[in-house]
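Asks: Submitted below is the structure of interest, expressed as structure tokens.
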Amino acid sequence: MALYQLFVAVFLLIMAQAEKIKDVQNLNFEPRIAIGNGKVSKHIDVASGVWADDANKEQFWSSDPKEILKFCQKTYPNIEVTNIVEANDNVTICSGEDCTSSYTVLPYRCLVGKFEADAMSYPFDAQCDFGYVHETKTCRNHAYWNERANQICRGKAKHLENYGILLPCGTDVFTGVEYVCCKKSVEAAPTMESVEAESAPDSVESTMPKTYHETLEDLLNKFGAHIPKLSKGCDRSIYNAKTELLHGEKDGKVKKLAKDLNEAKSRMEELKKDDPDQAKALFKKTLEIYQGTLKNIESQAKLDETRLSQEKKECVQMNLNHKKHLAMSAFVDAVRQHKNKPAKIIKTFQRFMNILENDQDQNMRSLSKKLLSKGSRKEKLMSARDLFLKHLNLVKSSLKEGVDILKKVESVRGKIKFDLPPFASDIDFEFAHKPKTTPPPPTEEHSATEGRDETLGLDEDEKKPENEHDSTLPTEDVPGKPAPRLSKDGKKHHHDHPLKSRAVFAAVIGLSCGALVIMIVIVLALFFRKGSSKRNTKTVIAEDDSQEKRHLLKMQEDGFENPTYKFFAN
């Protein structure tokens, strides 16, 4: 009976382990715990992402990594927690039922399943760069690797933007760190003297409206401030050779490791003849070393591939920035120096727009790869989305500034034959296709009319239209006749077109005559058809050629109904 109970307990334990979640991708949020001395322990609800109190209101506190790992496993019994690591940043947690107070604590991340390095998300430009340190013989905690990453960034005159630990070698100890270093963007605050010196001119200038050239120059200066620095560009083809070399090095290490394992297996077979137990134990130890070494080789290769991929993205962005610098500079020069050459301005703007579209396409491809890649948690995807939107706003802002400049250049209106890219559909670009219409001054038209009248030698009475009413009689609005337009000097100007009116009148008469002729033809056709049908019904087939019957048939064809024909018929 006891053996049966033991078997059932082991079976239930195995089933419980099999049902545990072994992949963090199946969770909405990463498991975390927050422990503080004298505070009720809290943990993240993996479904909602909210900090929740411990079920037993336990005030757990320990500095031993193994005890913290056990508490993680106890807090999340349905998740396979394999290790722990401190989070990168502190969090503020409410305490009390109504959140009357709060405290700040550095939480622990409960790592799930097989360890996987964090994906670093950062803008691919000259301001940031990615790197990593992996030392298989150095097994240190989170704080040590954080300081190492900070030292490397300070050596580059940059600050540590983000980092993540690499490859655990025990509980809460690791063998490396990956990091992102970015340049510090510090803007000098204006001094009181500069503010006072600039306030007076600004107050005077603000009351005076800016001229066309001043407004255009301000737009150009604002646009030019966003032109990236000129670089030498980058050769993307070198990364294909680097990738092949990296794969070759990995394959060489794996083959050497497999060769060593085969040699160890051969030695085990020889030793097995003398001491089977020792041979088995030795081979088991050798197999463990082989698996650990193979895991390190694969992890190292993955890190190298990630670094190479980041460098390639930086190379692509460097080339885009180089092209962007040339295109933006050419557009500014064309507007400043060739205002009367719209073709040149439009060509440089289109070149600049195409480069921005390529930049956005590259940004979209990068996001798509992250969305389709396996092992992407919701938090990483949200970070990638935020980075994508930030880059999109920068691209749209540059394009909108270029469009604002085009609006001020009158010579390009109505001469642009292309549209903005789909991602910039909310930017107003209608002015580019519609030329600016300026109606001719009425004085010129009136003088031209008077000149034509004088050349024709018409008197004042002859110049009046035939249907014009006398000024002494009451006038009514004639339908179909446009009212005369009053100019600024109060004179009437008629926009009658006699040639056009005659042409329309002739067309109407022609169509009416044609319709009448068609109607007459149809009536005649119907009449003749009706008459022919009547004659056909009166046809009588003659059976004899006697003179009397032929005379009778003739009378019948002429419509006579003589009853005497029955006598002859009988």
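Glycine is no exception: its Cβ is also placed from the backbone N, Cα and C atoms.
As listed in TrEMBL for this protein:
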type	residues	note
COMPBIAS	443-471	compositional bias 'Basic and acidic residues'
DISULFID	C128-C182	disulfide bond
DISULFID	C139-C169	disulfide bond
DISULFID	C153-C181	disulfide bond
REGION	27-116	region 'GFLD subdomain'
REGION	126-184	region 'CuBD subdomain'
TRANSMEM	503-528	transmembrane segment
Asks: What whole-number Å value do you get for the CA-CA distance of C169 (disulfide bond) and C153 (disulfide bond)?
Replies: 25
Asks: Among the disulfide-bonded residues C139, C153, C181, C182, which residue has the largest number of other Cβ atoms within 10 Å of its own Cβ?
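Replies: Checking each of C139, C153, C181, C182, the winner is C181.
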Asks: Which entry in the list of disulfide-bonded residues, C128, C169, has its Cβ near the fewest other Cβ atoms, using 10 Å as the limit?
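Replies: It is C169 that, of the disulfide-bonded residues C128, C169, has the fewest other Cβ atoms within 10 Å.
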Asks: With C153 (disulfide bond) as the reference Cα, tell me which of the disulfide-bonded residues C128, C139, C182 is the closest one.
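Replies: So, spelling it out, the nearest of the disulfide-bonded residues is C182.
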Asks: How big is the gap, in Å, between the Cα of C181 (disulfide bond) and that of C128 (disulfide bond), rounded to a whole number?
Replies: 5
Asks: Whole-number answer please: how many Å between the C-alpha atoms of C139 (disulfide bond) and C182 (disulfide bond)?
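Replies: For C139 (disulfide bond) versus C182 (disulfide bond), the Cα atoms are 27 Å apart.
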Asks: If H, G and I count as helix, E and B as strand, and all else as coil, what does DSSP give for C153 (disulfide bond)?
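Replies: C153 (disulfide bond) sits in a helix per DSSP.
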Asks: Which of the three DSSP-derived classes (helix, strand, coil) applies to C181 (disulfide bond)?
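Replies: Note: C181 (disulfide bond) is in a strand by DSSP.
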